[in-house]
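Annotation comment: TrEMBL describes GLN107, LYS123, THR222, LEU223, TRP224, LEU225, GLU294, ASP309 as ATP binding site. Per TrEMBL, Mn(2+) binding site is recorded for ASP142, ASP309. The annotation domain 'FAM20 C-terminal' is assigned in TrEMBL to 188-397. Here TrEMBL flags ASP289 as active site.
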Amino acid sequence: MKLKQRVVLLAILLVIFIFTKVFLIDNLDTSAANREDQRAFQRVMASLHVELDPRLDHTLQSPWEIAAQWVVPREVYPEETPELGAVMHAMITKKIIKADVGYKGTQLKALLILEGGQKVVFKPKRYARDYVVEGEPYAGYDRHNAEVAAFHLDRILGFRRAPLVVGRFVNLRTEIKPVATEQLLGTFMTVGNNTCFYGKCYYCRETEPACADGDIMEGSVTLWLPDVWPLQKHRHPWGRTYREGKLARWEYDESYCDAVKKTSPYDSGPRLLDIIDTAIFDYLIGNADRHHYESFQDDEGASMLILLDNAKSFGNPALDERSILAPLYQCCIIRVSTWNRLNYLKNGVLKSALKTAMSHDPISPVLSDPHLDALDQRLLSILATVKQCTDQFGPDVVLVEDRMTLSHL
């Protein structure tokens, strides 16, 4: 064989070798990543039920110190949390040492300080479990049980971006009024035989108080994030105008996502994929009210989108507000890990998992069956939306690897 032919043959063999090696490595990496996703899902399924137990076998720290140390730029709590039950037990049993009006916002809430100095946000019950909120997808009062359900859905999806939430019954007469600030105390009243309060907020009205059953009020408590992690508020790029007849740009511009991708912090880093994860989360819970969102300050787009204020959810199980999914179907990208998790949860697994996760809560049953059924139906719509994207652009474009090694050291 002539030298020239040998060189050509060797070059062809080299190209085949390199291609084969790269192809095999890529497939090995992909399958390894998928196996890790499956193992992570199995770990979540094994730890769904949280025993509300005060014992802290692994540490001498207080529950509040433990929870504060969990927080890192990409997680509010780690995947493995043997102390989760103890922290949540403290949230429902620790003595309330101060009660004040809630932080700024549109909805009624109270800011409580528990024994040990931990702040929590209390949202009172306003609706029965089977009440259907009619009207716009963001209509109605906040739903305290929605905060509880959203936290556990965050656990199941593996996001770990929602602060801890648990249901709690409080005695307004003996637990709140003796430690209430004058500002909060001034909003208390008696309606029939029930103790009520209306608080201070944009939509708070004396004519629309939240009322206990006698003195006992059902609500949710959300653990305040540590002060060493100050929050920064951002306008959501897919936020609504809340003005009748006035559409936001994303509602009429099919190329809107291309413009978003050119602006900071969505032009690099994980933030756009966080927006899409959040759209999936919000669609499942029926939350069309995320006009702003929070991240940690000075993060330059690297920290997570924190899943705060999820109470405008689970209002109408018959309403599937597809516009919530606009970031997904306009950008047509999704994390591979999110895609895998969604597929593991189909065929009724999501409903069953959420029901199990919430069964320990003091206010259980947290959701009515129609809301649980709606979750499974909405999951199918999300999977169908991603399939439409992959059919149009191919899985290599739509399914994006974005895995970060997280440290709790």
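Positions of Cβ are set from backbone N, Cα and C atoms, glycine also.
The binding-site residues GLN107, THR222 differ in how many other CB atoms lie within 10 Å of their CB, and the one with the most is THR222.
In this structure, GLU294 is the one among the recorded positions ASP142, ASP289, GLU294, ASP309 with the smallest number of other Cβ atoms inside 10 Å of its Cβ. The highest number of surrounding Cβ atoms within 10 Å, among the binding-site residues LEU223, LEU225, is found at LEU223.
Cα of LEU225 (ATP binding site) to Cα of ASP142 (Mn(2+) binding site): a span of 20 Å. The average pLDDT computed for the domain 'FAM20 C-terminal' (188-397) is 96. LYS123 (ATP binding site) sits 8 Å from ASP142 (Mn(2+) binding site), counting Cα to Cα.
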